[in-house]
Amino acid sequence: MWLGVVTLFPEMFRAVTDFGVTGRAVSKGLLELQTWNPRDFTHDKHKTVDDRPYGGGPGMLMMVQPLRDAIHAAKAAAGKEAKVIYLSPQGRKLTQQGVEELAKSSSLVLVCGRYEGVDERIIQTEVDEEWSIGDYVLSGGELPAMTLIDSVSRLVPGVLGKQASAEQDSFSDGLLDCPHYTRPESLDGLDVPAVLLSGNHEHIRRWRLQQSLGRTLLRRPELLENLALTGEQEKLLADFVDTIKQDD
């Protein structure tokens, strides 16, 4: 997968290219990431990339010309039709479903805003989609872009050691992940659930599914509203609720 990032702080993306899952993906050639700095497309000695907004008001906006030229350079480097994404709190909220949609693209150009944002005409003429990682304000689009890159790259074939790792992640099936345990078997009086030590794969599968359903009900009940549960899932969830009531 090819990713181009338009940013005033390209050095921030070493966190993506040099570390962890994404770093390994880059080193294996499964993920290619290039950056373009609008400052490199300026025509004045100060490398100015911001300007005052028409109508007044606080803050500055990113200038049109350097940003647009950087986007064009990124699209040209893609060598194919690349989808241009602007990271914005006004965009569609990124969910696992959205991540799966984006992962189907072979190339993406991510535009990271700074200051008070970008000229609306850039969005109208250069941007295909706007995406948000949540209803809060950040200093720029770099962290949202890195979040998007990390989540999308996990779905690129070969990036994770086992595809099952991606399939078992929270939200991969619309549910939160189940609890996980490793050694020791007992920690400060808290024991690993016996079913996980049983070696019975079917019992373990059902326990994990039930815990995933129950955790979603307790922590993110709105997620269940959008799911059509199977008969097995409904039974496991009902048993989970009964167990909670008995414990109370």
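The backbone N, Cα and C atoms fix where each Cβ goes, and this holds for glycine too.
Keep in mind it's a predicted model, so treat the numbers as computed, not measured.
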Original post:
Among G113, G158, which residue does Swiss-Prot name as a further S-adenosyl-L-methionine binder in the site formed by I133, G134, D135, Y136, V137, L138?
Top reply: G113
**OP:** Would you mind checking how many other C-beta atoms are within 10 angstroms of the C-beta on D135 (S-adenosyl-L-methionine binding site)?
**Re:** 7
Original post:
At its widest, how many Å does the recorded S-adenosyl-L-methionine site span between Cα atoms of G113, I133, G134, D135, Y136, V137, L138?
Top reply: 16
Original post:
Of all the binding-site residues here, I133, G134, Y136, V137, L138, which one's CB has the most other CB atoms within 10 A?
Top reply: I133
**OP:** List the residues of the same chain that sit at least 6 positions away from G113 (S-adenosyl-L-methionine binding site) in sequence and have their Cβ under 8 Å from its Cβ, in sequence order, or write 'none'.
**Re:** M62, Y86, L87, S88, G140, G141
